[in-house]
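Peer 1: Just passing along the structure, written as structure tokens.
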Amino acid sequence: MTNFEPKKLKNVWTIEDSISTYNIDKWGDKYFSINSKGNISVTKDIKSENKIDLFKLVKELKSREINPPLIIRFNDILKDRINALHDSFFKAIKTYKYKNIYQGVFPVKCNQQKNVLEKIIDFGSQWNFGLEVGSKSELLIGLALLENHNSLLICNGYKDKKYIEIATLARKLGKNPIIVIEQRDEVKRIIQAVQELNATPLIGIRAKLSSKSSGRWGKSIGDNSKFGLSIPEIMLTIKELKEANLINEMKLLHFHIGSQISDIAVIKDALQEASQIYVELCKLGAPMQYIDVGGGLGIDFDGTKTSSNTSTNYSLQNYANDVIATIKDSCELNNIKHPTIISESGRAIISHCSVLIFNVLGTSHVSSKLQIFDKKNQQLIISNLLETYYELKKLKNKKINLSQIIELWNDAKKFKEDCLVAFRLGFLSLAERAYAEELAWACAKEISNNLNNDEINHPDLSEITETLASTYYANLSIFKSIPDSWAINQIFPIVPIHRHLEEPFCKGNFADLTCDSDGKLNNFIDDGKIKSLLNLHEPEKDKDYLIGIFMTGAYQEALGNLHNLFGSTNVVHIDINQDDSYKVKNIIKEDSKSEILQLLDYSSASLVESIRINTESAIDQKKLTIEEARKLMDQIEISLRKSSYLSE
């Protein structure tokens, strides 16, 4: 029996090696690092020295029976992101001597969770930070939560008569809803509501810009974009508002250039076009006060600071500077008063504060043991494969001849394929086919052990790493917890939260709990590059191997679905104290199986009763004893109260 072990890449593995491997110092934005124990640490804010140990936190949450998978939300990071956004705009206003203010709003669609929105409103209250809503349900949330009468409530999305009536009447409550006209037929509904309610709303217009956008959401802008008015439609709307004596309520211009804009040049072009539209609206007699630059402010998921879909080639300060400078220049050239600037920056505010933690249930990988069969009566094609394996073993510790290794690898692949053909035709037994596959894996492992990283990545050998990769089974549903990974191939930073004093010599990807081949994570940030495999540790027997998926705060909870009936995970809100301790502020318990079934109109009581009737029948037929039936029913009733995820 021959054993082949994972190749050790370095004699001594350091924390700096882990930081470089996972690019933590680049995408972590100073919020995440690795401490002296080799665990991920979380910082209170980018200016603070206060940190907590994430691995220790998860272990202590487990002692409270708050088990993975779970979302940990760091309130301090959320607050710091809001502060950073405002600080950037305040610096830009001061630098460019802008004669008005920045007043942001948070788009509710990014994260509708009550605890999250309450924190955002609280943290942003000193700046009159408001909300942006895109439906009647979100409008009701905004009206209920926004108590600051100086905050803005930007009303976007499709609007029927009821939506417009609610927003119009809410102004009499002292609220500041601004109804943004995004479709031409909304003008008529607004005029009708004013006539019927004897109340006037604040009005805005969303413009369709002709500037070109980029990235995954590039089609959010342009003549064929989903929302907004073309220039001719804007002219007609202004005419109708004047005729209805509503032009004095026209206060805001809004535009949107897509989400996660990676290239600052795209933002500049859109700002120039929108600023000129704003100037022209003022010239047409609208008493404009606000320009809403929408969303699009991106974050650096991969830490490369480039214009790729998963990064940005600009900083928060760059963004604020360009917004302020561009709007100022257009207004001053036309003697127009500087407007209050609004942005709908969701992803940039909410992403960093949430970390999804899951445990690894097990792994699968190519066999690490090779059975050497008796050569007597051995099929020729298997003998050829075995001979190739021995040729590769002879090269161990010798000077590398890459062309010879490539030739031997091509031979191994050919002989393995010959074995598969022979098996299909009935010339090889199942045991012989298994041996052939083990030989091919052994050839791959010998090559991997003899080559360095650059050599193994040769185009003719690169598939070897994939062949030897392990699958790590993750205790989570990708479709529920990180649906963007599946739906749009969004890259999130994924890192073990402990064991960073050890070399992660395994290469692997993750498979989730669902019975779906799409339920895999196989795109990772590796030393600043996107790769299909991640450096991971071999899980230790009877010990948790815990993985963190970072920057998951935007959209994931809202978009997650119940594929295979895996429900919401535990959610914990954490405050980091000045003494490097923490306080658990909120715990939102995971969905039980009973709660999930109830969502689909299944009554737990009815299900239990149906199964009970079946057990009684089985008892009558002597298929089940009374004791077995009792144990079965007990387990079912307990299970209904428990998590949909796997437990220890």
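Sequential numbering from 1, following the chain as shown.
The backbone N, Cα and C atoms fix where each Cβ goes, glycine too.
Pulled from Swiss-Prot, these are the listed features:
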- Ile291, Asp292, Val293, Gly294, Gly295, Gly296, Leu297, Gly298, Ile299, Asp300, Phe301: substrate binding site (BINDING)
- Lys109: N6-(pyridoxal phosphate)lysine (MOD_RES)
Peer 1: Taking the Cα atoms as reference points, how far is Val293 (substrate binding site) from the residue listed as 'N6-(pyridoxal phosphate)lysine' in Å?
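Peer 2: Val293 (substrate binding site) to the residue listed as 'N6-(pyridoxal phosphate)lysine', Cα-Cα distance: 17 Å.
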Peer 1: Would you mind listing, in sequence order, the residues at least six apart from Leu297 (substrate binding site) in the same chain with a Cβ closer than 8 Å to its Cβ?
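Peer 2: Expected: Ile261, Leu316, Tyr319, Ser343, Ser345, Arg347, Ala348.
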Peer 1: Which residues in the same chain, at least 6 apart in sequence, have a Cβ under 8 Å from the Cβ of Lys109 (N6-(pyridoxal phosphate)lysine)?
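Peer 2: Set apart from Lys109 (N6-(pyridoxal phosphate)lysine) by at least 6 residues yet with Cβ under 8 Å, we have Gly134, Glu138, Gly346, Tyr555, Ala558.
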Peer 1: Among the binding-site residues listed here, Val293, Gly295, Ile299, which has the most company in the form of other Cβ atoms within 10 Å of its Cβ?
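Peer 2: Counting every other Cβ within 10 Å of each candidate, the maximum falls on Val293.
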Peer 1: Please work out which residue of Ile291, Phe301 has the most C-beta neighbours within 10 angstroms of its C-beta, and give that one of the binding-site residues.
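Peer 2: Highest number of other Cβ atoms within 10 Å: Ile291.
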Peer 1: Helix, strand or coil: which one is Phe301 (substrate binding site) in, per DSSP?
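Peer 2: Reduced to three states, the DSSP call for Phe301 (substrate binding site) is coil.
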